[in-house]
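Below is one structure, written out as structure tokens, with a few remarks after it.
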Amino acid sequence: MSQANGEEKPETRLGEDGESDREQREGEEEIREEETPVIKAEQQQQTQFTEPSTAVVEPVAAAEARNTSQSQPVESGGTQVLVLGLDGSGKTSLLQSLSTGRLEQDIQPTQGFNAVSINRDECYIEFLEIGGKEDLRPYWQKYMPKALLLVFVVDSSNPQLFPVAKKHLHELLASYPSLALMVLANKQDLPGSCSITDLHDALSLSELGDRRLFLIGTHVKKGETEQSSGVQDAQALISQLVCDGL
């Protein structure tokens, strides 16, 4: 159809339902605009599904690495020697002699914990002594899992305390059937001290199961420049056991 001024105007055709071509085109454009967000949403869902599969792997691997590191023993490398015994048995004096070779000063009873580390034959050995007073004995059991070797010190000159020492020793080892044990029968230089054989029977060491067990007589005196033969034997055996990994 033409205008009177000669300018042509686009024809407006009607469809079967009476809609013009322009209205149909506008309707189709609106449909396409409505479909576009759906397509984008599907693409986003696919992205969110694939990306986490790689994003999750790295944190898990990193966490496993951190857990492995934290679970490994710190410094000691599993060579901790736990030194226990009733108060007055001479643990601290023995520990000083084992680590320095002599007893140079008066030793006060350990009120809490006493840690000593030494390097011997290119082997790192960590000793941990816990006080033997009655209020400290409940802490003994908590440190048993870290021990490679248990050194249990007994005052061989005080047989009245043997039953108490036996009770605690057997309770400590009940849950650790394979833990190596070294019993030091200390103060062998004092008159009336119990023999190694008698102490073995008094502590019922034969009832402690199938484990590596050593019983050594020792004594330490203030000012001695040389270790007693028993302390030397204990020192050499501890070094051998720890450095060879038992």
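Heads up, the Cβ atoms here are built off N, Cα and C, so glycines get one too.
Record features (TrEMBL):
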BINDING   G85, L86, D87, G88, S89, G90, K91, T92, G132, N186, K187, Q188, D189  GTP binding site
BINDING   T92, T110  Mg(2+) binding site
COMPBIAS  1-25  compositional bias 'Basic and acidic residues'
COMPBIAS  42-53  compositional bias 'Polar residues'
REGION    1-55  region 'Disordered'
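The distance from the Cα of G132 (GTP binding site) to the Cα of T92 (Mg(2+) binding site) comes to 10 Å. DSSP assigns G132 (GTP binding site) to coil in the three-state reduction, outside any helix or strand. In this structure the C-alpha atoms belonging to G85 (GTP binding site) and T92 (Mg(2+) binding site) are separated by 10 Å. Annotated pair D189 (GTP binding site) and T92 (Mg(2+) binding site), C-alpha to C-alpha distance, rounded: 17 Å. In the shown protein chains, 24 other C-beta atoms lie within 10 A of the C-beta of G132 (GTP binding site). G85 (GTP binding site) is surrounded by 26 other CB atoms, counting those within 10 A of its CB over all protein chains shown.
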